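Copied over from TrEMBL:
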type	residues	note
DOMAIN	A:419-529	domain 'TMC'
REGION	A:1-21	region 'Disordered'
REGION	A:654-720	region 'Disordered'
TRANSMEM	A:116-138	transmembrane segment
TRANSMEM	A:204-222	transmembrane segment
TRANSMEM	A:300-320	transmembrane segment
TRANSMEM	A:340-360	transmembrane segment
TRANSMEM	A:372-393	transmembrane segment
TRANSMEM	A:489-510	transmembrane segment
TRANSMEM	A:530-554	transmembrane segment
TRANSMEM	A:591-612	transmembrane segment
Amino acid sequence: MLRQWSVQASGEPEPEPAGEELWEQEMERRCSSQEPVRLLPYAMVDKRFIRQLREPEGVKTSCWQQWRHRQQTAGRRLGEAARRLARGCGLWEGALYEIGGLFGTGIQSYFTFLRFLLLLNLLTLLLTTSFVLLPLTWLRPPDRGPALNFTLQCPGGHQPQTGVPKFNNLLWNVLTGRAFNNTYLFYGAYRAGPESSSVYSIRLAYLLSPLACLLLCFCGILRRMVKGLPQKMFLGQDYRSPLSAKVFSSWDFCIQGQEAATIKKHEISNEFKVELEEGRHLLMVQHQTRAQRACHLLTYLRVNILIGLLVVGAISAIFWATKYSQDNKEESLFLLLQYLPPGVIALVNFLGPLLFVFLVQLENYPPNTEVNLTLIWCVVLKLASLGMFSFSLGQTLLCFGRNKTSCESYGYNACDYQCWENSVGEELYKLSIFNFLLTVAFTFLVSLPRRLLVERFSGRFWAWLDREEFLLPKNVLDIVEGQTVTWMGLFYCPLLPLLNSIFVFLTFYIKKYTLLRNSRASPRPFRASSSIFFFQLVLILGLLLAAVPLGYVVSSIRSSWDCGLFTNYSAPWQVVPELVALRLPPPSQRILHYLGSHAFSFPLLILLSLVLTVCVSQSQASARAIRGLRKQLVWQVQEKWHLVDDLSRLMSEPGSGDSLGPASPHSRGSRPRSFCPGFPCPGSPGPRASRPEPSLEDPNGLRGVRVPARSCRFPSGSEL
Amino acid sequence: MGGSGSRLSKELLVEYQDLTFLTKQEILLAHRWFCELLPQEHRSVEESLQARVSLEQILSLPELKRLIALHRAAVKIAMQSAWPSACNTANPFKERICRVFSTSPTRDSLSFEDFLDLLSVFSDTATPDIKSHYAFRIFDFDDDGTLNREDLSQLVNCLTGEGEDTRLSASEMKQLIDNILEESDIDRDGTINLSEFQHVISRSPDFASSFKIVL
């Protein structure tokens, strides 16, 4: 090495084989580039060597450089710490690692998702507490003035219930939320003085914090979703993950243990076989006649329409259950009726997927289509049931589509409900608790006995029953449902995120216990990346489902006359114009008016459309360029082949071949040499500076080395 | 465990931190581990840096389950399993990994610095670029710098195992390899070189999360 460099320094040209020239070019490139040494793909000895070349020991680095180096290291450490913090402060790292080792990264991603949800809930809670609760307790606004002393004109003369329950059992009160009626858990207990007299507007804070939380959660989820997005479909290939990427990234290096490895190998083998079958099926489909294609389409429609009808039936059951429960609030079967809507929702979401799987399997679709179809319908069912639940609540409390005199005069069903926001809050609270209790009950009353029985008895039935399978989509949908309910209830029940955080925290341990003790691995592998994308997508859908009613209620529905913060406003949003008029100087008011008017939104819309058009045309142009470049690459390689063939023909003619021995770099090869960017590595013709390796002895001998026809090697260290 | 003579010097630690993606605790723990494998009298710092450990010794390490108390429990658990999971019997790529990272002439033994390199590439903070570079080398079974059909079929056999029911049949293997080459071989020369491999890997967000050993 030193010899070669000294040769160069002395300026003596020597006939070097092409390999050495390339090597020197590569070395120069590496030495002059600024990238940190740790990023180079070489062995430790080589990295040291390159570092020494860059900054030879004799040269003193200036103070400036040293300071900059220290700053860079500190910055890098800070970045790493911040990334760890964002991922959850190292919470549950050990458990996640264990699960990943035993079951692979697919199931581990579910638990990472739980951690993400916990973080979201805690952040929401933090926001609410710091902007609403703390100022409220600190500023201590005056108590509610004298109750509005007017009797409501109600048919039948009955007045709204004051909320005192017939049964005074503490447990039932806690489970239905009545015990917390006058606490900060529900909307009704919040009070504030008139806007003109207070320094800090509790109303504005209370109004904006759910909206801000939803916006922040949306951004966070979107960011994570984009990270997990499979980046292939935009180049015009069909909508499947490329098989080659799957093959290269399928082995989970986190796996330890022989059984886990065997299971993983089974999974991988199944996945490959399924993919190959899909490919064959696709080929077959492409060769179908038109009649066959029409027939295929008809069967597709048939199954979907059938399942659609089932879904419609299910959600109407939910609708009736909610109505019945609300209409018969004070009957003798009190608690059963209170929990009827959550019960029906749970039942529907339990039976639905079973039926879907059964129906879809009748049709003999390729496996991927089956699974995707079932999954889509399960998601639709879940979200539709929640949507129908909130709609039927709205119908009872706010008289959507019904004509009730009390609604028309007071804006909500004042005759039956004194404080309708509290009722909504209570319903969502019950749903949340019920979901959690169901999870616990299912684990300890179904999975655990099943495992004990299967372990104890051996017979055909028990062998067929086997342990429960850890179904990833089902678990994800359950947890997303819980989160959607929490988001729906942000306005009515501001401390619901606290409850949900506790539930998510406990769910982690319960699910971990189930996974490790009571379950067996599912035969269908769930890839981590598509899982992440799928989870975040369902979560975003849930968020949108929660945001739409919230937006509607906040902007158009009359709040209760008797409780809460917005008693004197026609809709909660009206606080904002009032505050703008009160607090802001006239120029700012004019600006805000302009921003909210049509004169601003139309130009903005036009501008956004222009930007979108530019982006789309740019991406199309790039796609065209990529296609062109690929073709060029293929032509170039073919040209190389032709040249090699011509050369070998020429050299095989007698009398011309002797001077060029097979040792020449231009020797014919059966294949053209392909130089990878990392070639040649510093280990190839060149001695080590510091290590006493045997290769140092003969740098000269390397000159005549036969550069093999099969090109690029990665010799490292002392291999030569 | 934590013998008095086997503490790395500060300069060496800083140098290792500079040259790899590992943190100080991880390097210290790796060093302790490595010393466990050496005979008692050779456990000083200088000798541990020069010593080499053969492949068989490394493969015997799954027995080493002793907990080493350290600052963070996560690193403890992770490192305790990192060594076995890199080269234990469950990993079908164990020989390739050891061969790729070894700098000895016979490519069958790892020195301490090789082990650090290994952990660094498989760590969480390593860039996808370097991971894909080393993945390419691990998958290149005949060490010729490209992935040809034999390399790919050996790779698939490693992944699916040797059992009768998991092995792919010859026609399935051919179909699979044809598909892979069709998708990744951009220049149509019948092999996948490093750039093509990196291009394919960049489109798979799974890769970074599965190609790691320490959390």
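Yeah, the Cβs are placed from backbone N, Cα and C, and that goes for glycine too.
Highlighted: of the candidate stretches A:300-320, A:489-510, A:530-554, A:530-554 has the greatest count of Cβ pairs under 8 Å to the transmembrane segment (A:204-222).
Residues of the domain 'TMC' (A:419-529) grouped by DSSP class, helix first, strand second and coil last, total 85 helix, 4 strand, 22 coil.
Sequence-distant contacts of the transmembrane segment (A:530-554) (same chain, six or more residues past either end, CB-CB distance under 8 Å): 106, 109-110, 113, 207, 210-211, 214, 217-218, 221-222, 224-225, 227-230, 241, 375, 379, 383, 386-387, 390, 394, 472-473, 476-477, 480-481, 483-484, 487-488, 490-491, 571-573. Here the domain 'TMC' (A:419-529) returns a mean pLDDT of 86 for the predicted model.
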